[in-house]
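Noted in TrEMBL for the protein shown:
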type: DOMAIN; residues: A:6-95; note: domain 'Aspartate carbamoyltransferase regulatory subunit N-terminal'
type: DOMAIN; residues: A:100-148; note: domain 'Aspartate carbamoyltransferase regulatory subunit C-terminal'
type: BINDING; residues: A:CYS107, A:CYS112, A:CYS136, A:CYS139; note: Zn(2+) binding site
Amino acid sequence: MTITRTVEGLKNGTVIDHIPAGQGLRILRLFKLAELGERVNVGFNLSSRHMGAKDLIKVENVELTEAQANELALFAPKATVNVIRDSEVVKKHKLAMPATIEGIFACPNSNCISHVEPVDSFFYVSEQTNDIKLKCKYCEKGFSKDIVTAVE
Amino acid sequence: MANPLFRKHILSIPDFSREELELIVDTAARLKASPRDDLLQGRLIASCFFEPSTRTRLSFETAIQRLGGRVIGFDNASNTSTKKGETLSDSIRIISSYADAIVMRHHKEGAARLASEFSEVPVINGGDGANQHPSQTLLDLFTIRETQGTLEGLSLAFVGDLKYGRTVHSLAQALSLFGCRFYFVGPEALAMPDYICEMLAERGVSYTLAETIEEVIPEVDVLYMTRVQKERFDEADYQKIQGRFVLREDMLKGARDNMKILHPLPRVDEIETAVDASPHAYYFEQAKNGVFARQALLSLVLNETV
Ligand SMILES: [Zn+2]
């Protein structure tokens, strides 16, 4: 199947759409998308038929991998991540909850060794009935997703 | 075939299978019944106490020397390069090039797991902050098996500080693999944390919250006492609960013959000294078992077969 729909203003890169309004800036910062040296277009509080308001991020010349896209699932589970080549969508990532998440969020436990040693943070992700739990590999403490993603 | 713990790190109780826990307990029992002085012959163990703990350190170092091994190390971090700002990962890289295994204690949670990622030799966790202290749990398991003949299907009550007491958390994690049932007795403010209760529920382990020590005594095989620290409460709240989680000799009348009282020590006033003479009291024997549990760990980690 050839997907021919073009994406306005983006020849090559990745479009992250349907981000809950207010999360766009955090995604930009946590995934360091603005530090890649590529042009980034962002839209905040755009109108969306399904979501009311949404944020949108377009990064030129960067193709997010499946694993990177899945890390978005934690705070924007309904986001769509499309990879564009020559103005065509060549890959639509289906976001799945990752089994682990590494180097993105700091451990909320201030006495965790991961804060003072040259290692990436590392959480095991488990989905529970009403919540997503992240468990730090080092201090073994478990946290609700909202606590981990709120750590600056 | 090498035993499953050969050259493995000993970091945290949830890392172990039921069979591995049984292997450690069996080995401790064998070493207690017939002591060996050769299992660490020619081995050099680094005993690295970044945080001081005289009791744990002496117990490990006794275990090492009794097995014929030798020890290098330090009993606090004040004169080491840590003080000068060296990271734990760098310290461990160096120390692991000197020794055959590292026993370590550190005040930060996760320190032992982190060390294991930088070490060329097995790391044995002697306590990492409020997280894990697996050799304490293993000596508890060994003591329970020694007094009850089995770990399977026992009833245990945990009394006192169930919130901050890492020993009760790890012990509950371990015993949940053996179909035990639990009674939790303590002030509401110091209740068992959610993550332990969730783990028990996931594993289909039943537990009961009880108000008093008296009501659980006739029901249990093991009464595991811990200390309720005054500092956890303001004065008014402490008055309300003071004395409620203290074990007195007269409470033991309805106890089963096989019931044993354990306590990780040091005890302050949560067990009356009159209880010490009771046939149910076993906490001093329990403390002695620490050396055998640690001997078992070290022997298994450093020998293909024991
Ligand atoms: Zn942590």
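All positions are counted from 1 along the displayed chain.
Each residue, glycine too, has its Cβ placed from N, Cα and C.
Taking DSSP states H, G and I as helix and E and B as strand, the domain 'Aspartate carbamoyltransferase regulatory subunit C-terminal' (A:100-148) has 7 helix, 18 strand, 24 coil. Secondary structure of the domain 'Aspartate carbamoyltransferase regulatory subunit N-terminal' (A:6-95), assigned with DSSP and counted as helix (H, G, I), strand (E, B) and coil, comes to 17 helix, 39 strand, 34 coil. For A:CYS139 (Zn(2+) binding site), other Cβ atoms within 10 Å of its Cβ number 27.
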